[in-house]
Structures are given as C-alpha cells and as structure tokens.
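Since the structure comes first, as structure tokens, the remarks are kept for the end.
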Amino acid sequence: MSSIEAGHGKSAGIVGIIILLFALADMIAGIIWVTYGGKDASGIWVGLLLLITGILGIVSWVKLNKAAMVFFLVFCIIDIICTIVQAVIAALGFLIWQILKAVIASQCTIKNGKCDCGDKDIPMDLEDCSWISDIEAIFLTLLIANGLCMIVVFAGSIIGCMATCCAKGPQQTGVVVVQHPGVVVTTTHGQAPPGYGEQPGQYPMTDVPPKH
C-alpha cells in the first residue's frame, strides 16, 4: 500500500482538525436556522462535507495512507467551491435580514402568537419579532466561518497536492569501490561493480618470464 511522508501527513491532520471545528460551527448554525424555520438547510450541507474532509485529513495523518490523502485532496477542492457558495449565500442572507430588521423593529408587533407586520411581507413567519436578531447572528456566523474555512481548505488542497502529485521518488544510494591505489569508482545502488582489469606493470599469467 502506498504511503506518504510523515510531514505531509501531519500537516493534513492538523488542517483536518481545524476543518472539523469549522464543520461543527456550520452545522450548529445550520441546525439553529432550521429550528427557526429555515428550509434551505444553510450550514448543514456544507458542514457535512467539511466533516468528511476533516476525518480524511486525520486518517491521512494516522495511517500515512496515500489513498486517504487523495480523497482528502479531492474533498478540499470541492470544499473550496462549497464554502465560497455558502459564504455568498450567508452574505446575501445577512444583508436581507439587516434590511428587514429595520422594518420589523418599526412596523411589526406580536399578534395571535406570531410577528405581524401588516401589509409588509417578510421571508418567513416569526413567532417573535425579536428572532430577527438571532437570525442575523446565524448568517453572520456562517459568513465568517465559511470565509475563513475557504482559506483552510485551500491550504489543505496544496498539502494534498504536494503529498500525492509532487512526492519525491526514492533516492539512489552510492557505493564506492576501490580498484587501485589512487583510483576510486562510484556506482549507484543495484549496479554491479566493474570487473578488475589487469593493473599496469603486471604481466599476464601466460607471459611470466622464467626465473634464472
């Protein structure tokens, strides 16, 4: 099974932990938004994606598994797009509720167990006119969390690319072979050392002169 460098795995794990924190913030804000009557599940869907990405980052750190790192890279790229989209939606939502806050504060009252604004239309029914401040805080949280998380997942994609696409292959080790005093030959690992030839000044075995 292919493995990755320990340094890359540790970096992915640290980034994964940070992503999990942002996933938790997104999901909490999203669940609160749903309890107030939100039907678009803002925060929940991107929180689930970030949750998967964070887990993959931690697995890459613990197991040093290249396949886990590849999935971590892919989800980081997807998360870049998703966090940007969620941040834009949150920014628009925050702006809209900021405008509605002024209308509700001046023209709405609680009647028959809900916030009644007369002939003014608001995006959703509110049981209490004071909920507008809570909803505003939800979208502000989603805006800040996803804006920052986009930077983190971008860093995670760089780490994933370095670990999978730009990883260095194993280096060849050198072997030093001494053939003759003053002569050094270097060969690479796996290559047989050259054979020993006849040294200068020596006679072949068949041409040794007779002794007198």
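Each Cβ is built from the backbone N, Cα and C atoms, and glycine gets one as well.
Please treat TrEMBL annotations as automatic predictions, because they have not gone through curation.
Residues or ranges marked as compositional bias 'Low complexity' by TrEMBL: 189-204. According to TrEMBL, the feature region 'Disordered' maps to 189-212. TrEMBL lists 12-36, 42-62, 69-97, 137-163 with the feature transmembrane segment.
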Using a Cβ-Cβ cut-off of under 8 Å, list the residues of the same chain that are 6+ residues beyond the ends of the transmembrane segment (12-36) and lie near it. 42-48, 50-51, 53-58, 60-62, 69, 72, 79, 86, 124, 126, 131, 134-135, 138, 141-142, 145-146, 148-149, 152-153, 155-156, 159-160, 163
Cβ-Cβ under 8 Å with the transmembrane segment (137-163): same-chain residues at least 6 beyond its ends: 4-5, 8-9, 11-12, 15-16, 18-19, 22, 25-26, 29-30, 32-33, 36, 42-43, 46, 50, 53, 57, 60, 66, 69-70, 72-73, 76-77, 79-80, 83-84, 86-87, 89-91, 93-94, 97
